[in-house]
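Here is the structure we will look at, set down as structure tokens.
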Amino acid sequence: MTTIVNLSLVMTPRKTALRVTCNINKCELRPYNFTMAGEQKSNSNTGLVYCIACKTMGILTVICVLSLITHTQAVDPIEICGADGYDITNLTSADYWEFSTDQKCLHLGNATTSNCTFFMAFCKPLQRGGTNCTNAGICQMDDDNPENVYRIGGYRQNPFVEQDTNGFFAGFPNGQSFTTSFGKPCNLSILIEFKCNQNALWRANIDTSTVNPSEAPNPTKLVYHPTSCAYQLTFDYAGACQKISPATMVTSLSAGTVLIIIFFVSLFVYFLFGSLANACVFEQTGAHIIPNYDFWIMLPTYIVDGFTFTFSCMCCRETNPSHYEDIE
């Protein structure tokens, strides 16, 4: 079943009327002659173009709506990085932390000797250690042979877990594959405990021009379990002492959030300076102080007309050309 769609295209200084037959699967054309400048003209090609454009507009509208719904359902909420009730700002503000030790270092042959340096990043992937530390949270480098780098723990968006008393943990499983001194294969992992000490201030390097390390205090405890390939570290940290409410969390702004912020800031600046210009320069009063007052008054009508036209095209409903007035 087909439906006649009468599309009226207003032109200056004459009016052009188009009549197109549309159905759900295809666009058909009924020649509709009209007079322009005293001559008999056929609108067959033009009508077909507008019918195709009408269908395309409807299809694109449906695709956009479905894409928006799918995107809204598929995007996971941003995971918040933080320990509820504790201040982790200092830990997360650094690009990464490092400290050197001569205790329990992994070494060639799986011996735990020599000196080594630990690199740690919280709530972000570690940017140190080369390819061996890809998608890592904590790595260890052999100071005697810097090419020997081990991924001790994998990256986690939120590694923190609160304790019942003052203090919290940061856990990093999913380290690289390793072989124990007993010949048993395992994956490296590390668990860090932060204990209350008001004098233990972690001072981050605030140079943002490049990726720079920040020096971490030495751990008060460093244990390596060779049977499970698991490290346990304990640090003193002032942020592990006092409960704060609400907790200091670390979040990342999505691209959509940034665009929304830019939009509303731009809108505010537009209305502020536009109103000042109308009041002080053009001496407008009342509602006419609003910049482009006529446009904003007509905006709801424009929106309704746009929706009406779009859905009439999608459904191939008849639109009466008499709704448009001739331009004299």
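Backbone N, Cα and C define each Cβ position, glycine as well.
In TrEMBL, annotation is done automatically, which means it is predicted and not curated.
Features as listed in TrEMBL:
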DOMAIN    103-243  domain 'MRH'
TRANSMEM  47-69  transmembrane segment
TRANSMEM  253-273  transmembrane segment
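Taking DSSP states H, G and I as helix and E and B as strand, the domain 'MRH' (103-243) has 10 helix, 56 strand, 75 coil. Mean predicted confidence for the domain 'MRH' (103-243): the pLDDT average there is 88.
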